[in-house]
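K.L.:
Got a structure for you, questions after.
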Amino acid sequence: MKIGTQATSLAVLHNQESHAPQAPIAVRPEPAHAIPEIPLDLAIRPRTRGIHPFLAMTLGDKGCASSSGVSLEDDSHTQVSLSDFSVASRDVNHNNICAGLSTEWLVMSSDGDAESRMDHLDYNGEGQSRGSERHQVYNDALRAALSNDDEAPFFTASTAVIEDAGFSLRREPKTVHASGGSAQLGQTVAHDVAQSGRKHLLSLRFANVQGHAIACSCEGSQFKLFDPNLGEFQSSRSAAPQLIKGLIDHYNSLNYDVACVNEFRVS
């Protein structure tokens with residue numbers, strides 16, 4: 001889920017991140033909802049059989065931590081600086097609709113430049129309302145999947161928002177695990193996504209079973225990645241592993257340990 005922020009504050013989702021970095025950010029928790037302990041394998045292959053539907057809905061791809069007030073520079077937990085790759089730093093996810101915004105970014109990832117895309121997706125932009133509509137498709141599909149006892153409701157919901165945007169899946173969704181650390185995870189994901197002509201909706205799944213949707217596109221030798229909480233990043237294809245590692249390290253440093261990445265290749 002999205003952690004809402006103001007200028008220099010980072011709120012804590014469901015009071016689960018009380019150990020989030022304290023400086024230079026003041027931590028203010030949102031109203032807490034108790035979430036029972038869930039087995040980690042739900043993050044790896046998100047099955048919800050036996051999980052209360054309300055809980056499963058809270059675990060969908062809605063966002064997690066905003067960039068507002070969060071430095072993208074190197075710290076003790078990361079060796080890759082996201083700021084080296086940032087081309088349009090913007091938090092457009094205050095409305096908690098990361099799956100919808102990421103899908104909308106994929107639709108127009110080849111149009112204009114990074115700043116114009118962020119303007120499109122920002123609060124006064126047409127893309128914000130479209131992203132909200134797309135995210136409603138995601139939520140509706142997730143609810144339907146849960147009511148039908150779907151064993152992979154998050155995959156079903158992601159597929160629904162992809163198809164609603166006019167895309168189709170090029171292959172079955174793929175899950176890449178983080179067992180080898182962020183460098184290996186970044187390398188493995190980049191091998192799949194940083195190929196010319198490929199577009200992906202990606203779902204970061206965290207150890208607390210929360211999810212966050214981002215998107216990426218590779219055109220020629222240029223790799224572009226969009227995170228609704230942080231904005232747009234660009235690199236060469238060869239540097240894509242470092243960019244993805246930097247993003248993973250960013251969330252790990254906020255105690256959102258990335259357990260796996262679900263890949264949805266679209267065309």
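Numbering starts at 1 and runs along the chain as it is shown here.
Heads up, the Cβ atoms here are built off N, Cα and C, so glycines get one too.
Feature list, courtesy of Swiss-Prot:
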type	residues	note
LIPID	GLY63	N-myristoyl glycine
ACT_SITE	CYS98	active site
ACT_SITE	HIS212	active site
ACT_SITE	ASP227	active site
K.L.:
Please report the number of other Cβ atoms within 10 Å of the Cβ of CYS98 (active site).
P.N.:
31
K.L.:
Counting Cβ atoms within 10 Å of each candidate's own Cβ, which of the active-site residues HIS212, ASP227 comes out highest?
P.N.:
ASP227
K.L.:
To the nearest Å, how far is the Cα of ASP227 (active site) from the Cα of CYS98 (active site)?
P.N.:
8
